[in-house]
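Single-structure report; data block below.
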Amino acid sequence: MQNMVILGATGSIGASTLSVVTQNPDKYAVYALVANASVDKMLGLCETHQPVFAHMVDQQAALKLKRALPSSCKTIVTSTPEELTALVTHSDVDTVMAAIVGAAGLVPTFAAVKAGKRVLLANKEALVMSGELFMQTAKASGATILPVDSEHNAIFQCMPQAVQNNLGFCDMAAEGISHILLTGSGGPFLTTDLSILPSVTPDQACKHPNWSMGRKISVDSASMMNKGLEYIEARWLFNTMPEQLKVVIHPQSVIHSMVQYKDGSVLAQMGNPDMRTPIAHCMSYPQRILAGVEPLDFFKVGELSFLEPDFDRFPCLKLAIDACQQGQEATTVLNAANEIAVDAFLQGIIKFTDIAVVNEQCLVSFNPSALKTIEDIIALDSEARRLALSKIKALV
Ligand code: NAD
Ligand code: MG
């Protein structure tokens, strides 16, 4: 029996995780559910899953939840940052699903890594911000990191055991691997006329052709910043050199990524686009469990196609690849700027095409400083957010 904490329980990944838990009640128990402010969703989850703890980051939400819980539900409600750290690091906890969206996920995810937990990593932003430190800390604490992001999970599944057992420090070339092919659908604007992009709405941007996800990652998919963040995520997970990592557009999302070996073999992981597959894989690794996912029917799949990414259409992807080569300071700045820009776009303050403008302006104006601790990273993140807000002010 694995005792789980689910960070981001009320979100899209949280829901898929709880669906896998429900299908395997003999293997997983919910120790704690963590979310920001959605009281009604959390109330329903507490009634269904009866966790020992429910943590709401928003204090008013925590109070409301406490009042709303029926007396039959013995769940304890917590709300302070110290209580959150205590939850994820508690000795009763085996596994932490890290599925808070954005930089907000860094601190609790990092605490779980430091405590040597089995960490199922969906929160790619944590790795984009702290990659080097994150993997070093996992090595020192003995934490197991398993990639939930569907591409990284696919790559992981196509890797030899020596790589799987040594994430962050593996030597792909020594294992006969020439490169990783990181696939992405290209999102809803893959063929949209470029002149229309400045006027697309948040709802259009969030309408992903294949995946159903939270709004932030949906906008990132439309700009392909998501693929850029995933490029950085792959760099840290698989310890890649720039020539070992290529992005390929594959609009059908049937192949979730590939690994090419020096003998010419290419291994691909395929399936229906349903996050319960990578989540179940991480939860049960190295075994397999039921995920509730429809089996892939090759007679219905039809044609699979592949394209090279166009950086004129997707400038955010290029910014992320360049930032990755610059280092952790640049990727932290880019991640923070992007979160602020996406939020401004979702609120109707800036245009879709301004997201790349704000990101680039922030990358150009930041002063690099060595990041040694998680506190340094958080300070740079805050500074970059302020910078992004000032760039947005100047734009509108
Ligand atoms: P979502 O918006 O559906 O859910 C976000 C969750 O984070 C919610 O539970 C929310 O309460 C919580 N949250 C937000 N701000 C918080 C804060 N300040 N403190 C604590 N909790 C907070 O997002 P999602 O689509 O489930 O994505 C979650 C993470 O997983 C993201 O990092 C995303 O990039 C990654 N991911 C998602 C998918 C997907 O298919 N949805 C796929 C791959 C990776
Ligand atoms: Mg992904």
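Cβ atoms are placed via backbone N, Cα and C, with glycine included.
Mn(2+) is bound by ASP149, GLU151 in TrEMBL, and the record lists one more residue there from GLU82, GLU230, GLU243, which is GLU230.
According to TrEMBL, the residue from GLY214, GLY228, GLY264 that belongs to the NADPH site alongside THR10, GLY11, SER12, ILE13, ASN123, GLU125 is GLY214. When TrEMBL records LYS124, SER150, GLU151, HIS208, SER221, ASN226, LYS227, GLU230 as binding 1-deoxy-D-xylulose 5-phosphate, the matching candidate from SER141, SER185, SER195 it lists for that site is SER185. Ligand 2 lies within reach of none of the binding-site residues ILE13, HIS208, GLY214, judged by a C-beta closer than 6 angstroms to any of its atoms. GLU230 (1-deoxy-D-xylulose 5-phosphate binding site) sits 16 Å from ILE13 (NADPH binding site), counting Cα to Cα. Of all Cβ atoms in the protein chains displayed, 17 besides its own lie within 10 Å of the Cβ of GLY214 (NADPH binding site).
Only THR10, GLY11, ILE13, ASN123, ASP149, in sequence order, out of the binding-site residues THR10, GLY11, ILE13, ASN123, ASP149, GLU151 have a CB under 6 Å from ligand 1. Among the listed binding-site residues, namely LYS124, HIS208, the Cβ with the most fellow Cβ atoms inside 10 Å is that of LYS124.
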